[in-house]
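Chemist: Quick paste of what TrEMBL says about this protein:
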type     : residues  : note
TRANSMEM : A:47-66   : transmembrane segment
TRANSMEM : A:86-109  : transmembrane segment
TRANSMEM : A:121-144 : transmembrane segment
TRANSMEM : A:198-219 : transmembrane segment
TRANSMEM : A:240-261 : transmembrane segment
TRANSMEM : A:281-300 : transmembrane segment
TRANSMEM : A:312-343 : transmembrane segment
TRANSMEM : A:363-383 : transmembrane segment
TRANSMEM : A:395-419 : transmembrane segment
TRANSMEM : A:439-465 : transmembrane segment
TRANSMEM : A:492-517 : transmembrane segment
TRANSMEM : A:523-541 : transmembrane segment
Amino acid sequence: MSVDAAPESSIPAPEGEVALIETDYSIGQDNVQPRLGPIGLDIHNPVFVVSALVIVAFVIIGALFAGSIDPYFEALRNWLTSNFDWFFLIAGNVFVLVCVVLIVTPLGAVRLGGKDATPDYSYIGWFSMLFAAGMGIGLMFFGVSEPISHFTSSLGGVAVEDGVRTDWAPLGAAVGDADAARRLGMAATIFHWGLHPWAIYAVVALALALFSFNKGLPLTIRSMFYPIFGERIWGWPGHIVDILAVLATLFGLATSLGLGAQQAAGGLNFVFGVPAGLDTQLVLIVIITAMALISVLRGLDGGVKVLSEINMGLAALLLLFVLLVGPTLSILSGFGANLVAYAKEVVPLSMPFGRADDNFRQGWTSFYWAWWISWSPFVGMFIARVSRGRTVREFVIAVLIVPAIVSVLWMTVFGGTAITLINQAGLTEIADAALELKLFVMLEGLPLSAVTSLVGVVLVIVFFVTSSDSGSLVIDTITAGGKVDAPVSQRVFWCTFEGLVAMVLLVGGGLAALQAMAVSTGFPFAIVLLLACYSIIRGLMDEPR
Amino acid sequence: MFSKIIVPVDLTHADRLSRALEVAGKLAKLYDAPIVYVGVSPNVPTEVAHSPAEFEAKLAAFAEAEAAAHGVAASAHAFFSHDPAIDLDEALPKLVKELGGDLVVMASHVPGFLDRLWHSHGATLAGHTDASIFLVR
């Protein structure tokens, strides 16, 4: 009796020595299999039910009290990011340091999925998925606007009222010096999109991949706390972590879908003169959700992976276009200069104490860190699922360095071009335009803007579809207790539910409030992730290298 | 009449397979054809196995037990997919071809409302393979 060798169409069965965790818990043991009419489900009992009920409750509250609760949620978020800015900054630095340790120590030699495992995806498919899940859509909105904001505030210099700084410039600003302001502005932007956010994702993804692929625990957030809580993770401590992850992911996705629809409608209005009213926004959500549903039904390889590769291809074309028709030389020299500026400023920018730039540190950096952390269960879980077969070192370098360099390139090309257009061609309307329109206003300053703007709108939509699709897969897996082969109707439910939540919030109001709440979950998750760093090191030390 | 019988098995619900397994065993004996038990699993830990290696071992043990019970030659073939809930329909016809099966015996459910939207795996397989299909309900 022998097992046949895997044929070509199969993923090679990656194996080898691993340090499995011996537990009596069997995956799916807390699952229930109810039937709703013709639809059979396979769901984790408290996690699915509690998450769904809490989401419905929050949507109803958000819509009923729209306008009146917004200030409370926003105050909560501001209170957290302003009072705990030091904590977010320290946590961010810890994540980067842990990643560096994993790259340089022998722990990096451990292979995810066992000693003899081979990677599931090629580098291109892998990078495309990492990137599209990680920040794709944000780069579309902030690629032009953020460098301009920091450049403008740095150029404006420090303003002090009653002994408190009222300007939003990073560090000590660069009053009146356009070149220095440009360097500082680019360094600050890259800081927010570079090593730190990717270190956050890397920690979550690595913890999940390690405890699932090497330790044999279910692919769900609670598994990464096994070294700390032991068997208790199967009870309420684990339920709470999983439910929080589902809420953060769904609220994050639904609110960014709602706000994104407003922005995309703004873009369509600017480019094609389509009315940007509520009707257009709702139609956009329906289109995005329908496309995401098709993709969900095509599975991981036929759906998300294909979409991510389309995204990367289109984004690369747009990038190349702006690079070639924009100020090519200035962009090329800017790339090196921006990397140097980032290297020079990254330490001062990540200092949690002894700084005077309160607005920048609390309003930008701390907010971003909370935001990235609240996204990390979603992005981390997705990255984990597609990273089997990589060594820890390869994984961390790929998740940390490659996307960070692509972000530098993107910011240099889009932000740098915009700053050059403002400085040299006097296109100040880029700086004056609304956030979501800055990209399109900049493209208008370059040739063939009708074509490039269309590519821009398509990119925004496809990035949303990708997020909605991968988010549904992640939520479905968590609410199915770590099963990735639960009935397909469940991911259809989550994908549709997310679109519905976005539409209800768009019509009834409450988008801003719920987004503020989603970002607020960054605070408890930051604590959770610090614990995960300990789990990773402990877990890796047991692995055969 | 048949030279190789393919039996897709879901180890999670092995208890629901008894009728299909019985039919496959009898046909194998009748035509003196070996059986290949095909198991499809995601590559993340599942309720059946913690790792692909464990899944392969369990499937092999399952095949061995079936072979002994029916007195026929049998082997196991494990297939790992990133997303089995979706990929199964595409993977099954390929596997049947690669393994050289000319009869597939599989357990199936009575079609319900949802089958109008999503075909059952058996129905989809019949449309995409040259082999004969025996659905056991």
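Using the three backbone atoms N, Cα and C, a Cβ is placed for every residue, glycine included.
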Chemist: Can you tell me which recorded stretch out of A:47-66, A:198-219, A:492-517 has the most Cβ pairs within less than 8 Å of the transmembrane segment (A:363-383)?
Modeler: A:198-219
Chemist: Any contact between the transmembrane segment (A:492-517) and the transmembrane segment (A:47-66)? By contact I mean 3+ C-beta pairs closer than 8 Å, pairs at least 6 apart along the chain.
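Modeler: These two stretches do touch.
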Chemist: In the same chain, which residue numbers or ranges, 6 or more beyond the ends of the transmembrane segment (A:312-343), come under 8 angstroms Cβ to Cβ?
Modeler: 124, 127-128, 131-132, 136, 139, 183-184, 186-187, 190-191, 194, 408-414, 416-417, 420, 424, 443, 446-448, 452, 455-456, 458-459, 462
Chemist: At an 8 Å Cβ cut-off, counting only pairs 6 or more apart in sequence, do the transmembrane segment (A:240-261) and the transmembrane segment (A:395-419) clear the bar of 3 or more pairs?
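Modeler: Checked: the transmembrane segment (A:240-261) vs the transmembrane segment (A:395-419), no contact.
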Chemist: Apart from its near flanks, which chain residues at least 6 from the ends of the transmembrane segment (A:47-66) lie with a Cβ under 8 angstroms of it?
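Modeler: Residues 239, 242-243, 246-247, 250-251, 475, 478-481, 497, 501, 504-505, 507-511, 513-514, 517.
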Chemist: Please work out whether the transmembrane segment (A:198-219) lies in contact with the transmembrane segment (A:523-541), by counting C-beta pairs under 8 angstroms that are 6 or more apart in sequence and asking whether there are at least 3.
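Modeler: Contact between the transmembrane segment (A:198-219) and the transmembrane segment (A:523-541): present.
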Chemist: Between the transmembrane segment (A:395-419) and the transmembrane segment (A:281-300), are there three or more C-beta pairs closer than 8 Å, counting only pairs 6 or more apart along the chain?
Modeler: no
Chemist: Quick one: do the transmembrane segment (A:281-300) and the transmembrane segment (A:121-144) have at least 3 Cβ pairs under 8 Å, skipping pairs fewer than 6 apart in sequence?
Modeler: no
Chemist: So are the transmembrane segment (A:86-109) and the transmembrane segment (A:439-465) touching or not, going by 3+ C-beta pairs under 8 A with a sequence gap of 6 or more?
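Modeler: Output no: the transmembrane segment (A:86-109) is apart from the transmembrane segment (A:439-465).
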Chemist: Using Cβ atoms and a strict cutoff of less than 8 Å, what residues sit near the transmembrane segment (A:121-144) while being 6 or more residues removed from its termini?
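Modeler: That would be 189, 193, 197-198, 201, 256, 260, 263, 304-305, 307-309, 311-312, 315, 378-379, 382-383, 386-387, 398-399, 402-403, 406-407, 410-411, 414-415, 418, 430, 435-436, 438-439, 442, 456, 459-460, 463-464, 466-467, 470.
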